[in-house]
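This report concerns only the one structure given below.
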């Protein structure tokens, strides 16, 4: 056996010894974890510093020339040799565990056993706070939708709500222009409300994350898509009315589809799960909404959906051409003082 092979064998044995000692330390720390973090750390590190050298010679790393600091058994010489420098094991034993500055005492019962899980109400409250911190446009619209739906269940409020929270020509002719916007937060059934809010809170944070990269707001998209859907509905329908947040949620979907056309979106059609690329899904929704708007049959306001989709696509184009749009606005602002001086 040559010298190179001997070195390889020694290195391999040393590596195996370190792994075995680490496993012993881990087992010791795991078995004493319930008793406290100090015992666990002391058990695991004892095994480590024995391997690294120090008091208590390790069978894995025996060093016959090692003399512990303060222990000099050489009495033959009148002048004892200076003590050897401490090993890493000595430093860990004397400095870390004597001061206990790097050891965190932690009891299992205090950290995990007695910690109560948050209640359902607490989880809902935490989620609402997180949504509100993310964007008030998401939280306020959600809260208003639920509040208006509760009011619809009270017969004494239904007359007021039908005059102010439904988009129809009668309300518009009587001067209630805000009904074009308020109709978006009004819903006819619990399923109508849940589906729209689910889509609104699912797509909304994604759209917001994209817009925040350039400090663009979210509320113009929410208000604009609601107004676009209501206006198109009144243009197409002489009688009847519409309500719901579906135009806004579809504007979110259209914005995401234009921003990430290759992203796959999953949805359920009747009982069949379907996955499509966002751009293909947007085209299918446009065709479906256009056909439904032309036929004008059923209880679904397809023309409102079409208005939301178109506004979402337009808002994305505005966001993509934001630098050119800001340049145009700055030039218009610079022309205003010149026009005023000419007058």
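Positions of Cβ are set from backbone N, Cα and C atoms, glycine also.
According to TrEMBL, the feature compositional bias 'Low complexity' maps to 64-78.
The annotation domain 'Peptidase S54 rhomboid' is assigned in TrEMBL to 175-315.
According to TrEMBL, the feature region 'Disordered' maps to 64-88.
If you look up TrEMBL, you'll see 138-157 (among others) marked as transmembrane segment.
Same-chain residues lying 6+ beyond the ends of the transmembrane segment (177-203) with a Cβ under 8 Å from its Cβ atoms: 131, 138, 141-142, 144-146, 148-149, 152, 161, 163-168, 171, 223, 226-227, 229-231, 234, 241-249, 252-253, 256. Annotated transmembrane segment per TrEMBL: 177-203 (among others), in sequence order.
Positions annotated as transmembrane segment by TrEMBL: 215-235 (among others).
The transmembrane segment annotation in TrEMBL covers 241-260 (among others).
Under the heading transmembrane segment, TrEMBL lists 297-316 (among others). Counting same-chain residues at least six beyond the ends of the transmembrane segment (297-316), those with a Cβ under 8 angstroms from any Cβ of the stretch are 220-221, 224-225, 228-233, 235-237, 242, 244, 246-255, 258-259, 282, 285-286, 288-291.
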Should anything in the same chain at least six residues away from the transmembrane segment (241-260) have a Cβ under 8 Å from its Cβ atoms, list it; otherwise answer none.
141, 145, 165-168, 171, 183-188, 192, 196-197, 199-200, 203-204, 206-207, 210, 221-222, 224-226, 228-230, 233, 278-279, 281-282, 285, 301, 304-305, 307-313, 315-317, 319
Using a Cβ cut-off of under 8 Å, list the residues of the same chain at least 6 residues beyond the transmembrane segment (138-157) that approach it.
128, 131-132, 165, 185-187, 190, 193, 196-197, 200-201, 204-205, 208, 218, 222, 245, 248
